[in-house]
């Protein structure tokens, strides 16, 4: 069951102190509470599989401290990929559908969408993906209402644009784009009637209050974001955050549980950083409310859990566990 009707769980008026109190509650109690809410809103055996295809890699003018695609981080060794052609992308999409996919996600390392040939190519990709009978999702940076309208007209299902962290910690991570810029993009997405995919990253040095503030911001959207990716920082050598220690797995489980409580109807997606979780920790995340994973050995430019390992994980969970496939990265 998935719904956002008026109920005792769905709220848009969470206070920061309320979310922090939930976050600091005993872990077993927290997981039990999150699981009860998860069962109220979702089929626990419905776990979506989604993957990202980078249609343009590297050279981004933003200075996000975690991202190897930033042109500011000169010491990062990254193979840049120029914009893929629509026929290349649609060939991969067709193979994905033949393998049972139902959603195809495309990401471009842009600061913002610019009208012109490349955006026209993305529109062509979205139309082609929809004509194949697949859902289409893109992450392209900032965009305005008119551009969101074009994507909606082309049939776009969802737009990903993460907040990254809470507003008070945001400028410690990126200074080339403001928090309000991100919120304006999300408003344009919602205004066009496109599903919102928006979450953040934990393990960047932020406080519990910063994590809570990010969730509070997401909860203010009415309705809540349809999907919320929660990423654990993957430190990449050469980036400003490249020397940070990885987040403790149980702390990541805690974040998943709080996200499920604050955003009960959203699909909570285990995203970057899942590769360092053993399968028991991943299952605990699902008990705590995660009901989507990114599938494939790479997420844009960072490593992910291998497909064979994921297949074995879900075979162990339950024969009836339903996996809604998205594109395996090429």
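All residue numbers here begin at 1 and follow the chain in the order shown.
A Cβ is built for glycine as well, from the same backbone N, Cα and C atoms used for every other residue.
Annotated domain 'Radical SAM core' per Swiss-Prot: 45-274, in sequence order. As annotated by Swiss-Prot, [4Fe-4S] cluster binding site applies to 60, 64, 67. Annotation source Swiss-Prot lists [2Fe-2S] cluster binding site at 105, 137, 197, 269, citing sequence analysis.
Where Swiss-Prot records a feature, it is marked here on the structure.
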residue	record	DSSP (3 states)
60	[4Fe-4S] cluster binding site	strand
67	[4Fe-4S] cluster binding site	coil
105	[2Fe-2S] cluster binding site	strand
137	[2Fe-2S] cluster binding site	strand
197	[2Fe-2S] cluster binding site	strand
269	[2Fe-2S] cluster binding site	strand
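A Cα-Cα distance of 19 Å separates residue 64 ([4Fe-4S] cluster binding site) from residue 197 ([2Fe-2S] cluster binding site). Distance noted between the C-alpha atoms of residue 105 ([2Fe-2S] cluster binding site) and residue 67 ([4Fe-4S] cluster binding site) is 19 Å. Here the CA atom of residue 60 ([4Fe-4S] cluster binding site) lies 20 Å from the CA atom of residue 137 ([2Fe-2S] cluster binding site).
In the shown protein chains, 24 other C-beta atoms lie within 10 A of the C-beta of residue 67 ([4Fe-4S] cluster binding site). In sequence order, 62, 63, 66, 68, 69, 70, 109, 174 are the residues of the same chain, not among 60, 64, 67, whose CB sits within 8 A of the CB centroid for the [4Fe-4S] cluster site.
Predicted-model confidence for the domain 'Radical SAM core' (45-274) is 91, expressed as mean pLDDT.
Counting only the Cα atoms, the space from residue 67 ([4Fe-4S] cluster binding site) to residue 197 ([2Fe-2S] cluster binding site) is about 19 angstrom. Of all the Cβ atoms in the protein chains shown, 21 others lie within 10 Å of the Cβ of residue 64 ([4Fe-4S] cluster binding site). Fewest Cβ neighbours within 10 Å among the binding-site residues 60, 105, 137, 197: that distinction goes to 60. For residue 269 ([2Fe-2S] cluster binding site), the number of other Cβ atoms no farther than 10 Å from its own Cβ, over all displayed protein chains, is 23. When the Cα atoms are compared, residue 269 ([2Fe-2S] cluster binding site) and residue 60 ([4Fe-4S] cluster binding site) turn out to be 25 Å apart.
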